[in-house]
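According to TrEMBL, the protein carries these features:
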SITE      Glu96  site 'May play a role in metal incorporation in vivo'
BINDING   His97, His99, Glu103, His141  Fe(2+) binding site
BINDING   His97, His99, Glu103, His141  Ni(2+) binding site
SITE      Asp102  site 'May play a role in transmitting local conformational changes'
SITE      Arg105  site 'Important to generate the dianion'
Amino acid sequence: MSIIRIYTDHDTTNLLFTSDNSSKIQARLAEIGVRFEQWQTGSDLSAGAQAEEVISAYRKDIDRLMQEDGYQTVDVVSLSADHPQKAELRQKFLSEHTHSEDEVRFFVAGEGLFTLHADNKVFEVLCQKGDLISVPANTPHWFDMGPNPGFIAIRLFNNPDGWVANFTGSDIAERFNRLEN
Ligand SMILES: CSCCC(=O)/C(O)=C/O
Ligand SMILES: [Fe+2]
Ligand code: NI
């Protein structure tokens, strides 16, 4: 079940809103320009699946997003709990950062905690299989896959160079929830 929790950005105890209703999640994220959708997932791929397999299973959806929204490149992050570099990979996304381009992530399998910082608030979104979430250009955010990751996400970028993180230097992410798995 996908969940949103919204806090004031300077007080981790001040929970302003929470819901597991997808329309409410969508509406609250739309307020900060974030696209959230739930899609049917046809194929049963498991975390650790090869990128080519994931891309070919979702080729039609990927092509549609590329055509409709102008995304130029696609990649796959696919991680299971037996990955030898899971701790380093978790660390890579764990601090607040921005990207200079819009990006879309679609969860083909598993789950991950995306947290966006906008409008003096923190929006924690537990994304599950079937969830599509966008991260608008220059929106500070972080992502926790947890200590025992299990997810596959397709990422679409409109920058041909793909994923570049610009770290803000803030320690805000350390004060909010982490994913326990
Ligand atoms: C769920 S995709 C991996 C995380 C990622 O791409 C990102 O930008 C996290 O901030
Ligand atoms: Fe990011
Ligand atoms: Ni504040």
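Indices start at 1 and increase along the chain as displayed.
A Cβ is built for glycine as well, from the same backbone N, Cα and C atoms used for every other residue.
Known features from TrEMBL, placed on the structure.
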residue : record                                                              : Cβ contacts under 8 Å, 6 or more apart
Glu96   : site 'May play a role in metal incorporation in vivo'               : His117, Pro140, His141, Trp142, Phe167, Thr168, Ser170, Ile172, Ala173
His97   : Fe(2+) binding site                                                 : Pro140, His141, Trp142, Ala165, Asn166, Phe167, Thr168
His99   : Fe(2+) binding site                                                 : Val135, Ala137, Asn138, Asn159, Trp163, Val164, Ala165, Asn166
Asp102  : site 'May play a role in transmitting local conformational changes' : Asp69, Ser134, Val135, Pro136, Ala137, Asn158
Glu103  : Fe(2+) binding site                                                 : Ser134, Val135, Arg155, Leu156, Phe157, Asn158, Trp163
Arg105  : site 'Important to generate the dianion'                            : Phe114, Cys127, Leu132, Ile133, Ser134, Val135, Ala153, Ile154, Arg155, Leu156
Where does His99 (Fe(2+) binding site) sit by DSSP, helix, strand or coil? coil
Could you name the residues, excluding His97, His99, Glu103, His141, of the same chain that surround the Ni(2+) site, i.e. Cβ within 8 Å of the Cβ centre of those residues, in sequence order? Thr98, Val135, Thr139, Pro140, Ala165
Return the members of Glu96, Asp102, Arg105 (the recorded sites) with CB less than 6 angstroms from at least one atom of ligand 1, or none. Arg105
